[in-house]
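Per TrEMBL, these features apply:
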BINDING   H449, H454, E507  Zn(2+) binding site
ACT_SITE  E450  active site
Amino acid sequence: MVDSQYYLPNDIGVSALDCGEAFRLLSPQEKMYAHYLSRAAWYGGLAVLLQTSPESANIFVLLQRIFRKQTPAQLEQVATAAGLSPEEYQAFLVYAAGLYANMGNYKSFGDTKFIPNLPKDKLKALVKASQAFQDQPAEMEALWDSCSCLLFSLEDRQKQLGLGDKGITTYFSGNCCLEDAELAQKFLDSKKLSAYNTRLFKREKEGKACYEVRLASAVQKDCAVEGECDSCCGSFNFEDKEFTVKRGDYAPLMEKVSHYLQKAQAYAANENQRKMLEEYARSFTFGSVDAHKEGSRYWIKDKGPIVESYIGFIESYRDPFGSRGEFEGFIAVVNKAMSDRFTKLVNSAEVLLPELPWPKEFEKDTFLKPDFTSLDVLTFAGSGIPAGINIPNYDDIRQSEGFKNVSLGNVLSVAYATQKEKLTFLQEEDKDLFIKWKGPSFEVQVGLHELLGHGSGKLFVQDDEGKFNFDQSKVTNPETGEPVTSWYRGSETWDSKFSTIASSYEECRAECVGLYLCLIKKVLSIFGTEGQDAEDVVYINWLSMVRAGLLGLEFYTPESKSWRQAHMQARFVILRVLLEAGEGLVGLEEVTGPDGKPDARITLDRSKIHTVGKDAIHRFLCKLQVLKATADVEGGRALYDGYSTVSDSGPHNFIRLRETVLLRKEARKMFVQANTKINGDSVELVEYEGSAAGLICSFTERFQDDAEQLEANLLDLCKRDSPCWC
């Protein structure tokens, strides 16, 4: 028997993301704009296959070829004739849907591999009996052979994403380790190049290590081409190693992205949108992060658009080193009623920021009021769909020019709908209250986390000219009472400095801000709750966080002592902080469940949240911000790694509790998204049912215009790099 964490259960939740009403309300011009942006996002999103694992793109092409010839309903009869039981065929559909939803064969949330929950010989029989195989036996046989071993393999290193012997990554060639990643980061810093759109390939040349830094771009020439002043490409000697910067990663996909962004320009609502798209297209054409930053500046200026979008190499959670961005693109429509609440929160920011537990010198000089909107997602291409986003991730823009926050309303309403019988680890008396207030409390937490969490806090910087953005002679460290002695220099950034812990540490800081500020009555009234209801929202928000900390253990790998998911590590850290606060604030005990199997029970004393709880978060949050602001990597690592430690000693045996969490875990839902297509002068929305079959159909129809060429491109890209993973 395969450990259940490595396959997706047949009864996994699959829900359609409803955006029909929002789309219908758009004008014809807005629909065209949304359509072309969606096309750009979907094609770019395919790069995630190549960013995830060596085999993901081949598996994707195998599935596309099978389902383009036969729908899931048609293939069912073939499966029965090939000897598959109904359960085995459903397991195959769930696997295919999972590969599409995660854009690869590793879970986007948790980074563990998943394999088909049916015997390999049964899947092989189905592939061979398919119409696609009958039509092209040699090609399909070769495709099956190229990925069938890795499709089912669960060797230790292949069980999760990671660098070197800790797991699989395609951000680095297979012979890279942490030292290579650190050296490459130093090289990139020295050239003032961002790692966001790069991958690193190492090879030996005459007994000496040589590195290739490859930029994602449509253009494959390394010299300066029309439209750019000079090229950052070339060969360089750095610390006695040879580094070559080249272009052309994911070239055919980046070409498609640029093409559709240019098409969308004709339907832009204003000059900011036009300029933004122009810069994005330039970024994906030439592989320029600077152009993407420029596009992001126009994007920030485009306040309150009806159709909102963002696209690029954005989040660095899945790079084991924490610097390279995974491709994502979203297009969404504003939900006006919910956006009004967020606008009120933005307008209260100046009153709320001083409530945070650090001295005013550690806060940004001026709060740059961001756009904060609630959106219904039309398209979200990438490896997974979050509930809220705070972007851009470029520190220099966020600190001095601003950012935007979005909460994804139709994702929230589907993702956090919970059935009582599936609510684990809570007392019976908490369950009804949890179900009633989970949605509203999460809305408050997302708002505070994105706006005042990620949006708060200053970084102390000394620029290349030696100028400081703080007064060295006056600013003291509140933790030590001594003057500040460390800061960021030149092109150093939060991500480059704190590297492997940066993502999770920052998520933890933002989650703590949410817990801390939700205690303020004014915040709760903005979200429409007063009196006892408001107290219940606070209680469920804190209880959710504590429960999430326990659930987070699913995303810890004891063998490598590593965390696989930034947010869940952050929530476990918060659970540890609140348990350490003592005085009966949080209770966590191991019990035996009604089924006779190990279980756990969490309790939270609501009468102590405003006292013991608030004090604990106050102290911890202040430490997090001070260490971050002062670029104190050593202190930050010691604090964060300490609370992230999962051990079997001390008052709670977290290693044993992890087994209980795995025993009782529920798989994350998958989302089915609509397609848009042009019909004459208008754009149609094509919706699908919320099932594994619906998700599969949405993907086969998504790329039907140029399916064969696209699949050939993906196989070529895959083949080109295949020697690099050995």
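Heads up, the Cβ atoms here are built off N, Cα and C, so glycines get one too.
TrEMBL feature annotations superimposed on the structure.
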residue	record	Cβ contacts under 8 Å, 6 or more apart
H449	Zn(2+) binding site	G388, A510, E511, V513, G514
E450	active site	F372, G388, I389, N390, N405, V406, S407, A510
H454	Zn(2+) binding site	N390, F403, N405, E506, A510
E507	Zn(2+) binding site	A566, H567, Q569, A570
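For the recorded Zn(2+) site, residues H449, H454, E507 set the reference point as the centre of their Cβ atoms, and the other residues of that chain within 8 Å of it by Cβ are N390, E450, G453, E506, R509, A510, E511, V513, G514.
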